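A.B. asks: Have a look at this one.
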Amino acid sequence: MKAKRGERPDCFSSTVQEVLFVLTVTMAVGMSSFTIGSVTVITSFVGKDLNMTNAEITWISAAASLSSGSLLLFFGSVADLFGRKALFISSMGLFAVFSLAAGFSKTGLTLDILSGVMGIMSASAVPPAQGILGVIYEKPSKRKNRVFACFSAGNPLGFVFGSIFSGVATQLFSWRASFWLLAIIYLLSTIVALFTVPNDTSVKQPFTWETLKKFDIVGTVLTIAGIGMFSASLSLGGDAPDGWKTPYVLVLLILGILAIVAFIIWENKFQYAMIPMNIWRDRDFTLLLSIMLLGFLAFPILAFWISLYMQRILHFSALETAVHLLPMAIMGIVVNIIAAMVLHKVSNKLLMGIGACAYVVSFLLAAVQRHGDSYWAFTFPALCLCVLGADFEFNVANMYVLSALPPTRQSIAGSLFQTVTKLCVAVGYGIATAIFNGVAKNPAKSGYYNGDPFEPYAATFWFSTAVASVGVLLVPWLRIGTQGHETRGGDRNEEEGDERANIGAEVDEKGVGRVAGVEVGDGNDHADVEKGMHSAGDADEKHGDAGGRLEKEKEEFDVL
């Protein structure tokens, strides 16, 4: 199933099959985003029809992100141990079934629960999808860059196209039709997957007690309990009878924090930990994930609350709301095309910097506007820049994460990456809801937002601005150059695969070593590059030609 460098993988009989396969796995990664996008443009209509509070409305989206993020690593282990293809296709089909059921919800609680179940189906589809991609496109190449740029587009584009399709369906029928349309889309995707996903040739483990012990059940439970209770306390605090002093809010908050702390301790002690903790020794890995999750903590806040403002204050229909969010879709397509073309040519540190700064400017533009201000002067550029930040950071971090783990652990690599994004989305919704409710109950009596109905919405965007600004401050500490360039020196990577089986094999004592196909550097000190080249050249020395090849690589590599 391995791809020849830069050529169509042998597992595909035609380019058409390859293209349809890539589109199918892209639909998989966009599952939860598609759900959130569909819900975003119908929030006020659903809330009015089912008599829902702000907290219950936000939990339609937050439940999907929470359940997905909590179980991604668990299903990553399932995929790596027992096979990917069957899990992938069955998850797509079940997602369609529960989407259909969500359209028949009679209460807000039912819709929240079904949204959470849809999140579980998303969690079971993404790891095998990303694992299959990682194995097929193992070697760095321009083709791999293009494929993963398309795959990375699933999250932002899933949100936007979900909102557009939902808006059209709601305009023509009702908000329930948006879930039924979602079911039809993923039923068709499942059928396409049956004919396009290559046979799974990965080594599968027998279903025994020893194998079951490798599942981190305790870690999974602590994740769901910790993030769930913490997020619930934040979102429920504003609507509770006594606010933050309400006993059940305080209990949820304290227990949530304790469960998160217990999870971290457990993961450091358990032999088969859900998260390979030693991977965090790689400095760039930790920084990339931190920068990206700070952005994703704020990204859904902008889209959710700006669309709610359009529906509640500007009285836009679902279709009008979707049309006003359309720039995100167009920008998402453009940015991912650019990312596919430049990942191997332009310093990825620069791309991360551009993405982080785009986030800050985006949230700032959204925050400083007031009711009645021009859409084209504030909201339009904010939506475009927000997608620019999300897609640049997602592409860079996604490529790095998949390069950090060997082929046998690609599903875990993908689920680890998706987990941090989904969980921070759930936490972001909780914090934003608390801020919104707090400001709405105590509006300003003077100053910039005096008497402005946009004030509570602006408060959530100021929070987003502050969070994204921290990400900008972390960028200068990155030591990452280009990624995804085709490696020189024959099939050196295949021989180094076994050496990368242990997570820390490519990480030096300072945590700055990298796997083949990724350059390192700090912009000033070429000594780090020398160290990276020497580690990459160890395999060549076994063949007696390290000297000439290493010199050639050092001349050709672009160092940040």
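Placed from the backbone N, Cα and C atoms, the Cβ positions cover glycine too.
Heads up, TrEMBL stuff is auto-annotated, nobody curated it.
According to TrEMBL, the protein carries these features:
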type: TRANSMEM; residues: 20-45; note: transmembrane segment
type: DOMAIN; residues: 21-483; note: domain 'Major facilitator superfamily (MFS) profile'
type: TRANSMEM; residues: 57-79; note: transmembrane segment
type: TRANSMEM; residues: 116-136; note: transmembrane segment
type: TRANSMEM; residues: 148-173; note: transmembrane segment
type: TRANSMEM; residues: 179-197; note: transmembrane segment
type: TRANSMEM; residues: 217-236; note: transmembrane segment
type: TRANSMEM; residues: 248-266; note: transmembrane segment
type: TRANSMEM; residues: 287-310; note: transmembrane segment
type: TRANSMEM; residues: 350-368; note: transmembrane segment
type: TRANSMEM; residues: 374-394; note: transmembrane segment
type: TRANSMEM; residues: 415-436; note: transmembrane segment
type: TRANSMEM; residues: 456-478; note: transmembrane segment
type: REGION; residues: 484-503; note: region 'Disordered'
type: REGION; residues: 517-560; note: region 'Disordered'
type: COMPBIAS; residues: 523-560; note: compositional bias 'Basic and acidic residues'
A.B. asks: Within this structure, do the transmembrane segment (20-45) and the transmembrane segment (287-310) have 3 or more Cβ pairs under 8 angstroms, counting pairs 6 or more apart in sequence?
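C.D. replies: Answer yes: the transmembrane segment (287-310) meets the transmembrane segment (20-45) with 3 or more Cβ pairs below 8 Å.
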A.B. asks: Please determine whether the transmembrane segment (20-45) and the transmembrane segment (148-173) are in contact (criterion: at least three Cβ-Cβ distances under 8 Å, sequence separation 6 or more).
C.D. replies: yes
A.B. asks: Between the transmembrane segment (350-368) and the transmembrane segment (374-394), are there at least three Cβ pairs closer than 8 Å, leaving out pairs fewer than 6 positions apart?
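C.D. replies: By the criterion, they touch.
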A.B. asks: Restricting to CB pairs under 8 Å, which listed stretch, 148-173, 217-236, 415-436, is in contact most with the transmembrane segment (116-136)?
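C.D. replies: So the stretch in question is 415-436.
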A.B. asks: Do any residues, 6 or more residues outside the transmembrane segment (148-173), come within under 8 Å Cβ-to-Cβ of it, and if so which ones?
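C.D. replies: Beyond its ends, the transmembrane segment (148-173) has Cβ neighbours at 22-23, 25-42, 45, 130, 133, 137, 180-182, 185, 300, 303, 307, 317-323, 325-326, 328-329, 332-333, 336-337, 339-340, 343, 387, 390-391, 394-395, 398-399, 402, 421, 484.
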